[in-house]
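Below is one structure; the comments refer to it alone.
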């Protein structure tokens, strides 16, 4: 596999990035008549949909209880335990045992090979007219195996299943790399796209998908002569290996700083005992939690300075890895005909160019600067002397303590009592019901359907009772589970053609056109659709095991995290396009975080809190006084550190651009000099630059330089847009549960997936009368549009508690 083409630049031609991401509900009580392939198309008995006749009220109550009561969940989840034949993982008919992964991959591989043969042999107009759809199906078949196997090999507790999933992943990934070098596919697609008699019959979606694939082929060196293509392959593999080494090899130049223990006053004495040595000194480590706590709490400024400098200075070996990575990327861009790696990476993003990103970030620095000065001036008054970078965490902590002692409401400590996981899930369902007319319905999992007994299955239904998506919620902590919250698209939405159904029926009586996973018949077109299947993973504490035990109670931060991941989910669920390559979150990298960041605003809006925030034991709603206290607390925290945190993110994005915008013939890269240059030019608390202090090299710890090379600006870009939509579409919370606002956002943004320019989505949501969109300045994007978004700013983001 190492000799095949690896393309770490952007979405590969035959797979799309998994954003780690979505959901919805109805208004009047209705009997759900679940429309699926069960009637018109053959499917195994064990994958038939369960009873959907439960009322909306019962569903709503059940939703809360399946997450809050372990006893209720055990009883609820055992209702299908007697089913004689096990269902495969996530209803996939092949995955009833570890060996099933091999079968699943081989069956999918055979279907892929048949499509490739068809495309390569195409010669008639009719054959060329189906090409975009054929290649989209090829992409779907690859993603079916790669995305699901990649998820299962990480999340499943059984090593045998992990290994089987890894082998299936490797098989299809290697085949994908073979396709990347199959020049005939590129030639045939370009021939189809150049023929007006073909493209005149294509839908807008087919045209978009064709252009995406052509661009991806171009970025995969498919058009190069053999010797250049081999060089491209070698560079891509080098970048992959260097990137992995860079991410995993972060290390400081010094492992610890030696400090006299009596100079560590302020640090937790228990921690001091842990690092204390025999000679009345302590070895303060330069990585991990202890140096962060030292910067926040040690009273001695000289100690803080020493810890700060050491913890932000990378080893020479790590800096060499980074600089080699940047050189290889620049060379790859030059080989591909681009001025720089940033030019190559940004060409299909909303930003389009490094210059536009620079305009955005520069405007953002200016819009944020006044707030930064306000925050730093307050800290400087506390210190009574010029503020240094190693002072910031310390004096922020002091201010937070002062605020907590003087003004923070004691009742805020009780807020998590109103945020049981079940009530929050109930609130999300009710919110989606009001905004989009979709809701979440707990469903009993079939035997073998989930990878752990604690995984809850939710079906998403619309107001007509139609099933539109499946969500697997793996939200509780357990040993060896990855702690980071994430959203995974296990299967994208897509229209399944009648030809596929017929092909499936001819192969095997038990075969299913969506591998047994969820499908439904579109009531308008009467075509079969594969439904989006999503996994949400979090690490919340488990509820009590007895019947009256405490449920999992969430902090405000955890509530916002769950809303964030559900924002990704709602994009997947409502962005149901006919072709999978542009469904849901399969959009430009600098647009993908918009729905999730916007969802965070809803979490603490008073009208949304009224939907769900109730005491887990008494069912008493969160009082208006407590809601006001939470808002004051958030505002206070934001005014203490929010703008400086914004500036830190902006600086990281500027460093990323500085590294990746250098021309390929620029020679060796001094990453530390560039980092220091950005810091001195844009930071309000720049790194020390005096001759007696060696320059810091924090860039060696900036692992996102690999995974988000040239696109690190995306998150703050989407934050600026989300803030704007929150104010101008949802009235800063006044219309947070308003159907008209929800429909506007759904119809202009969510439903398109990646089938519409992000700029068109934003402009459509704001409307032509919006001052920021005067003269249609946003629709076409470009430098001025990026600068306009920068002027919107990021505000201040604080978290209560």
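Keep in mind that glycine also has a Cβ here, set from the backbone N, Cα and C atoms.
Keep in mind it's a predicted model, so treat the numbers as computed, not measured.
Feature annotation from Swiss-Prot assigns transit peptide to 1-41; the stated evidence is sequence analysis.
Marked as Zn(2+) binding site by Swiss-Prot on the basis of sequence analysis: 564, 568, 571. The DSSP secondary structure for residue 564 (Zn(2+) binding site) is helix. Cβ environment of residue 564 (Zn(2+) binding site): 485, 596, 597, 599, 600 lie under 8 Å away, each six or more residues apart in the same chain.
Summarising the annotation, Swiss-Prot assigns active site to 565.
Residue 571 (Zn(2+) binding site) sits 10 Å from residue 565 (active site), taking the CA atoms of both as reference points. Within 10 Å of the C-beta of residue 571 (Zn(2+) binding site) there are 34 other C-beta atoms, taking all protein chains into account.
In the three-state DSSP classification, residue 571 (Zn(2+) binding site) falls within a helix. Summarising the environment of residue 568 (Zn(2+) binding site), the number of other Cβ atoms within 10 Å of its Cβ, over all protein chains shown, is 28. Here the Cβ of residue 565 (active site) has 24 other Cβ atoms within 10 Å, regardless of which shown protein chain they belong to.
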